[in-house]
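**Student:** First, the structure itself, so that you have it in front of you.
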Amino acid sequence: MDSNTVSSFQVDCFLWHVRKQVVDQELGDAPFLDRLRRDQKSLRGRGSTLGLNIEAATHVGKQIVERILKEESDEALKMTMASAPASRYLTDMTIEELSRDWFMLMPKQKVEGPLCIRIDQAIMDKNIMLKANFSVIFDRLETLILLRAFTEEGAIVGEISPLPSLPGHTIEDVKNAIGVLIGGLEWNDNTVRVSKTLQRFAWGSSNENGRPPLTPKQKRKMARTARSKVRRDKMAD
């Protein structure tokens, strides 16, 4: 096992512990708490994969951080903070929408890279909006926290979330997963739109019809889906 992988996990465990103390003292806002919950799942997955105990890793991570801070001068710390790009946290969903439990009548789940896609295949002929909470850096989507599909009535009918066991994903991973989710929902004659905020920071533009540009692979897949559906309709007639 690579030593850097282990030390990175140990430091992440300790930093999570510090952030938990901030929340316990009621000093964290909603996005801070949201990231804390997501990172907890990620750390559990990484710990299981690496075969490391989180509590023991936290103690070692504390020692690593204390050693670095002891060696770090105040001036160097100021320069590091000034040069580091700052990310922003954007929210399409409210805390209630983000944390609400939901159930699927006809569940379908698919893993697309480091992301998990869940769709309720029982939903038909609905207008659906995709909303997401995510971080942005350099005006581009950095990390997806959670994406959910909502009907006009407010019901959750689909979701994209990072896999705790596979931390880290790219903007292309997110766009591909959104394409899969849209295709799955449109299979049942649902009309799907993507929030303008998500369009802007994932695709760099926003369309009035709420549809992001599709990749050539997604276009070919949707064309095959449409042809298959036409054949089924003809057979039914």
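Including glycine, each Cβ sits where the backbone N, Cα and C put it.
The shown structure was predicted, so the numbers you read here are calculated from the model rather than taken from an experiment.
According to Swiss-Prot, the protein has these features:
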REGION    1-73  region 'RNA-binding and homodimerization'
MOTIF     34-38  motif 'Nuclear localization signal'
MOTIF     137-146  motif 'Nuclear export signal'
REGION    180-215  region 'CPSF4-binding'
REGION    205-237  region 'Disordered'
COMPBIAS  217-237  compositional bias 'Basic residues'
REGION    223-230  region 'PABPN1-binding'
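Just tell me what is around each of these and how deep it sits.
**Tutor:** Per DSSP, the secondary structure of the region 'RNA-binding and homodimerization' (1-73) breaks down as 61 helix, 0 strand, 12 coil.
As a whole-number mean, the pLDDT of the motif 'Nuclear localization signal' (34-38) in this prediction is 82.
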**Student:** DSSP on the motif 'Nuclear export signal' (137-146): how many residues come out helix, how many strand, how many coil?
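**Tutor:** Secondary-structure composition of the motif 'Nuclear export signal' (137-146): 0 helix, 8 strand, 2 coil.
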